[in-house]
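Peer 1: Handing you a structure now.
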Amino acid sequence: MALRTLASKNALSFALGGAARPSAASARGVTTVALPDLSYDFGALEPAISGEIMRLHHQKHHATYVANYNKALEQLDAAVAKGDASAVVQLQGAIKFNGGGHVNHSIFWKNLKPISEGGGEPPHGKLGWAIDEDFGSFEALVKRMNAEGAALQGSGWVWLALDKEAKKLSVETTANQDPLVTKGASLVPLLGIDVWEHAYYLQYKNVRPDYLNNIWKVMNWKYAGEVYENVLA
């Protein structure tokens, strides 16, 4: 993800999803995040995901998480400078929610790929073998993730995770914009599916299972396989 450095001296670091977000303690300023570019056009995932949804999802929702996260970091920097412990504690919720929204969506965009570029092609190689071993088959994994995503109450995410210590795959869900790391420090996200209504409602209305069935047509398994192999290398 792109980073815009404002200052970074005598930094106070906050870990979110494995990425440090330093805030300067003496040279005032913070290290903020920027909205990442997509590697494909908004309409490139149609008909699985409409161009209108992709444009609003990226340009409005993700952009809002970025703006609010950066604002919270700047407020945190000021609170630390003043020694205002109450304000520091109060800001943690905004940092977790908006920072998590940025982390999760930055992964989500990489998890998707146009069909013309290989999106939807099932996993091969080491990840493919691991899926067969841990879930019985690729079809069983898809069925499990669809069921978990459909059953998740309210808003959140369903993940294909790698436990890098146990070297096992698992399906996990997180509420709201909680990043996967909140479920366990050893969990690495390979695929994440956004099941907030803003990810599908304009196209699929309230039928979340249809969205979950169709998103696999544009899933970027090559990216997931690369992450899997890099973590276990």
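Any Cβ shown, glycine's included, is placed from N, Cα and C.
Since this is a predicted model, take the numbers as computed values, not measurements.
In case it helps, TrEMBL gives these features for our protein:
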type	residues	note
DOMAIN	34-112	domain 'Manganese/iron superoxide dismutase N-terminal'
BINDING	HIS57, HIS105, ASP194, HIS198	Mn(2+) binding site
DOMAIN	123-224	domain 'Manganese/iron superoxide dismutase C-terminal'
Peer 1: Quick one: among the binding-site residues HIS57, HIS105, HIS198, which has the most Cβ atoms sitting within 10 Å of its own Cβ?
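Peer 2: That would be HIS105, with the highest Cβ count within 10 Å.
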Peer 1: Residues near the Mn(2+) site, HIS57, HIS105, ASP194, HIS198 excluded, by Cβ within 8 Å of the Cβ center?
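Peer 2: Apart from HIS57, HIS105, ASP194, HIS198, the close residues are HIS58, HIS61, HIS62, PHE108, TRP196, ALA199.
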Peer 1: Looking only at Cβ atoms, how many others are within 10 Å of the one on ASP194 (Mn(2+) binding site)?
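Peer 2: Result for ASP194 (Mn(2+) binding site): 24 other Cβ atoms within 10 Å.
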Peer 1: Run through the domain 'Manganese/iron superoxide dismutase C-terminal' (123-224) and tell me, per DSSP, how many residues are helix, strand and coil.
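Peer 2: Across the domain 'Manganese/iron superoxide dismutase C-terminal' (123-224), DSSP assigns the residues as follows: 51 helix, 25 strand, 26 coil.
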